[in-house]
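S.K.: Quick one: the structure is below, and I'll ask about it shortly.
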Amino acid sequence: MPTYDNHHALKGLTLGQPTEYHDTYQPALLQAVPRRLNREPLGLYPDSLPFGGADIWTLYELSWLNSKGVPQVAVGEVVLDASSINLIESKSFKLYLNSFNQTKFANWGEVRQILERDLSACAAGKVSVALFRLHEIEGQPVGHFDGYCIDEQDIVIDSYAFDAGYLHNAVGNEIVEEQLVSHLLKSNCLITNQPDWGTVQISYRGPRIQREALLRYLVSFRQHNEFHEQCVERIFSDILRYCQPESLSVYARYTRRGGLDINPWRSNTHFTPGRSRLVRQ
């Protein structure tokens, strides 16, 4: 399992530490985690990644002051390309956003540009930001993942230790194209051990994956410690290795914490992720 959990790159994170909250703009609050920490143990390297994708963040607690001192509120969407050198640590992201609270900005466009600049610098990669006024997104329906939900199987599970071996010999001879969904994805934060709850959609074309084996595999994340983005890349890599589909997309949407939710997707084919929040978001 992860050999990087005590890596020096994680030692300075504010995550899990007593924290001072700032309400005036401080970009230095952002903290990066190198993606290579979990990619290298999986045999993933920048010049030969088997997937594209992004981490889609939703910002529910974003506020600043306009030039006249009147508070502004927005919902933000940040798309961080999976090819970036770093991922952005979520608690530092929250603290950074808090630093906007008592800071004056000329207009919404300035806020968006500053967010893009700072987040791109932290991630060392491409970041896009959209800001929405509340009336623009009020009334949007709760979405759902297309596909067959594998959660209602009548099986006994008594082991919750991560085990990619559940996917070994877990395919048949029939070639199919399908989408499978589970709401039972749960892992733990790498630093704090706090639970992370998610729904995952697996879209593939290839030998049919045994649904019992896949469910056992996903449930085995239940006591596993990794960041959201890392779990999705592990799922993608394990399915690609053991099940050898012709095409594969893995998309997870996690419940929010600290006013943020993280929704990573990875794919080796054309894939357009839905943006609607799910029922637990």
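Cβ atoms are placed via backbone N, Cα and C, with glycine included.
Given the structure is predicted, the values throughout are model-derived calculations rather than measurements.
In case it's useful when we look at the structure, here is the feature table from Swiss-Prot:
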type	residues	note
ACT_SITE	Cys189	active site, thioimide intermediate
ACT_SITE	Asp196	active site, proton donor
BINDING	Ile88, Glu89, Ser90, His228, Glu229	substrate binding site
BINDING	Ser90, Lys91, Arg257, Gly258	NADPH binding site
S.K.: Counting across all protein chains present, how many other Cβ atoms fall within 10 Å of the Cβ of Ser90 (substrate binding site)?
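M.R.: Here the count is 22.
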S.K.: Going along the chain, which residues six or more apart from His228 (substrate binding site) have their CB under 8 A from its CB?
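M.R.: Same-chain residues close to His228 (substrate binding site) (Cβ under 8 Å, separated by 6 or more) are Asp55, Ser187, Asp196, Gly198, Ala252, Tyr254, Ile262, Pro264.
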S.K.: Quick check: which same-chain residues outside Ile88, Glu89, Ser90, His228, Glu229 lie with their CB within 8 A of the centre of the substrate site CB atoms?
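M.R.: Going along the sequence, the neighbours come out as Val33, Asp55, Leu87, Phe93, Phe227, Ile262.
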S.K.: Which Cβ among the binding-site residues (Lys91, Arg257) has the fewest C-beta neighbours inside 10 Å?
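M.R.: Across Lys91, Arg257, these binding-site residues, the one with fewest Cβ atoms within 10 Å is Arg257.
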S.K.: Nearest to Glu229 (substrate binding site) by Cα, among Lys91, Cys189, Arg257 (recorded positions)?
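M.R.: Answer for the nearest of the recorded positions: Cys189.
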S.K.: Using DSSP and collapsing to three states, where does Arg257 (NADPH binding site) fall: helix, strand or coil?
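M.R.: Its secondary structure by DSSP: strand.
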S.K.: Of all the recorded positions given, Glu89, Asp196, Glu229, which residue's CB has the most CB neighbours within 10 A?
M.R.: Glu229
S.K.: Does DSSP give Ser90 (substrate binding site) helix, strand or coil?
M.R.: helix
S.K.: Does anything in the same chain, at least 6 positions from Ile88 (substrate binding site), have a Cβ under 8 Å from its Cβ, and if so what?
M.R.: Leu30, Gln31, Ala32, Val33, Asp55, Trp57, Leu80, Leu119, Cys122, Ala123
S.K.: Least buried of the recorded positions Cys189, Gly258, going by other Cβ atoms within 10 Å?
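M.R.: Result for the recorded positions Cys189, Gly258: minimum number of other Cβ atoms within 10 Å at Gly258.
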